[in-house]
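Encoded as structure tokens, the structure appears first; notes follow it.
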Amino acid sequence: MPDQREQWKSKLGFVLAAAGSAVGLGNVWRFPFVTGEEGGAAFLIIYIIAIIIIGYPLMVTEISLGRHTQRNPVGAFKSIAPNTPWWLVGALSVLTGFVILSYYSVIAGWSLSYIVKSLAGFPIGIEATEQLFGEHTTSLFEPIFYHFLFMAIVVGVISAGVVKGIQRVVTFLMPVLVVLLLAVVIRAVTLPGAGEGLAFLFRPDFSAVSWDTILAAIGQSFFTLSLGMGAILTYGSYLSKNDEIPNSSVQVIGADALIAIISGMAIFPAVFALGFDPGEGPGLVFVTLPAVFAEMPVGGLFGFLFFVLLSIAALTSAISLLEVVVAYFVDEKQWPRKKASATIGLVAFIVGLFPVLGYSALDHVTFMGMDILDTYDFIADSIMLPLGGAMIAFFAGHVWGTRNVMEEANKSATGIRIGDWAAPLLKYIIPIGVIIVMIVGIIETIGG
Ligand code: PFF
């Protein structure tokens, strides 16, 4: 056993770290393009309902599991249900963290490279930025270099520990992130013609809602809140008994949703003002936005700021992914933290080489029509996270018991408390609902 488990040094430390984990590529890269594809405001409303009825009870549960057991995901399940196979849910969490980290770092690497590219100025016209993105992702050396660089930074932070590494970095970077984001929003909403973009984001058209929209909203709510894979559980294990779990959860979820919406407000007005397509898909941030920056007044500076903020958001999330795996090896296998960080970082880097090469040397490899990166993302986001989330809710509802969840969660709570209304959600609605949604999602993807 490591001597004394580290604890966040302040209440804000945990909230910033958990918000840092939540706010990431999911908010700034994924949320806008999914919202764009799913038709805008109507999707936004469904997404907000999903984060309240699924996200909030699950976040409270994960933090409570972590704080109660003071362990990594595998240890947490073992300590509540010893000599049962429930530890496998923890093992699934650790594996999910590892898989997401391996390809998250690839996308974060693109973002790092775009900081450098922004200095030279982005080319004018969507064909030119498409070509720039294509040249970057299909080249052999560059994406590997930036993937490695990003992973090395993540390893550096995690090696330094919970307080000296994670807490120090998020305390500095989260405020920087907010300031940069606000600067980009102010630029975007003051462009002539920006109103149409805001209307797209805020004026709902429910005729566009389909089963698909609901699936996308639920999938997005897990990913964006870092739920279903023990990241929040692990951060909760460093939380002191005096902290208020329901209150902190509301703050983290509120910050995450706000940053997603503000990211939308930074991106859609600019996209509409310059007449681009909001439904561009995953290329929205790497193809459409650079074209927007190239044409907008002082776009060079804002392009640079945007990719710095995207990289910061990715970093504070990626450290939580690595921390889940590291906490497992430190707690359960007694590995020294530095050895665990470096070894796992290296292996995740290697596993992440396949999605990188999926755009170059391995571009002939596809699974069900998806390239390697999309396949990793599909397995993690559409199967592993919902499965993990459903099992964690089921475990809390039926094995640990909702009474124990609430007791731990409401300990020292003076403000908001989690009420009995959450019990049926944890016991039945989240497990059953999420599994149905997962199965339908898989069938739709396989059916093409
Ligand atoms: N929440 C992160 C994002 O929105 O980008 C992604 C993520 C981080 C998912 C950590 C899961 C996780 F454990």
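We count from 1, first residue shown onward.
Just so you know, glycine gets a Cβ as well, placed from its N, Cα and C.
If you check TrEMBL, you get these features:
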type: TRANSMEM; residues: 12-29; note: transmembrane segment
type: TRANSMEM; residues: 41-65; note: transmembrane segment
type: TRANSMEM; residues: 86-106; note: transmembrane segment
type: TRANSMEM; residues: 144-163; note: transmembrane segment
type: TRANSMEM; residues: 170-194; note: transmembrane segment
type: TRANSMEM; residues: 214-236; note: transmembrane segment
type: TRANSMEM; residues: 257-276; note: transmembrane segment
type: TRANSMEM; residues: 301-330; note: transmembrane segment
type: TRANSMEM; residues: 342-362; note: transmembrane segment
type: TRANSMEM; residues: 382-400; note: transmembrane segment
type: TRANSMEM; residues: 421-443; note: transmembrane segment
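Beyond its flanks by at least six residues, the transmembrane segment (301-330) meets 2, 17, 20-29, 72-75, 90, 93-94, 97-98, 100-101, 104-105, 107-108, 111-112, 114-115, 118-119, 122, 150, 153-155, 157-158, 162, 165-166, 169-170, 173-174, 176-177, 180-181, 183-184, 187, 226, 229-231, 234-235, 237, 259, 266, 285, 289-290, 293-294, 336-337, 340-341, 343-345, 348 of its own chain at Cβ-Cβ distances under 8 Å. Under the criterion of 3 or more C-beta pairs below 8 Å, with sequence separation of 6 or more, the transmembrane segment (86-106) and the transmembrane segment (170-194) do not qualify as touching, having fewer than 3 such pairs. Listed stretches 41-65, 144-163, 257-276, 342-362 were compared with the transmembrane segment (382-400); the greatest number of C-beta pairs under 8 angstroms is found for 41-65.
Counted over residue pairs 6 or more apart, the CB atoms of the transmembrane segment (214-236) and the transmembrane segment (12-29) come under 8 Å in at least three pairs, which marks the two as touching. Proximity of the transmembrane segment (257-276) to the transmembrane segment (144-163) is not established, fewer than 3 Cβ-Cβ distances being under 8 Å for residue pairs spaced 6 or more apart. Within the chain, the transmembrane segment (170-194) has long-range Cβ neighbours (under 8 A, six or more residues past its boundaries) at 12-13, 16-17, 19-20, 23, 28, 259, 262-263, 265-267, 269-270, 272-274, 296, 298, 302, 305-306, 308-309, 312-313, 315-316. Within the chain, the transmembrane segment (421-443) has long-range Cβ neighbours (under 8 A, six or more residues past its boundaries) at 53-54, 56-58, 60-61, 211, 214-215, 218-219, 382-383, 386-387, 389-391, 393-394, 396-398, 402, 405-406.
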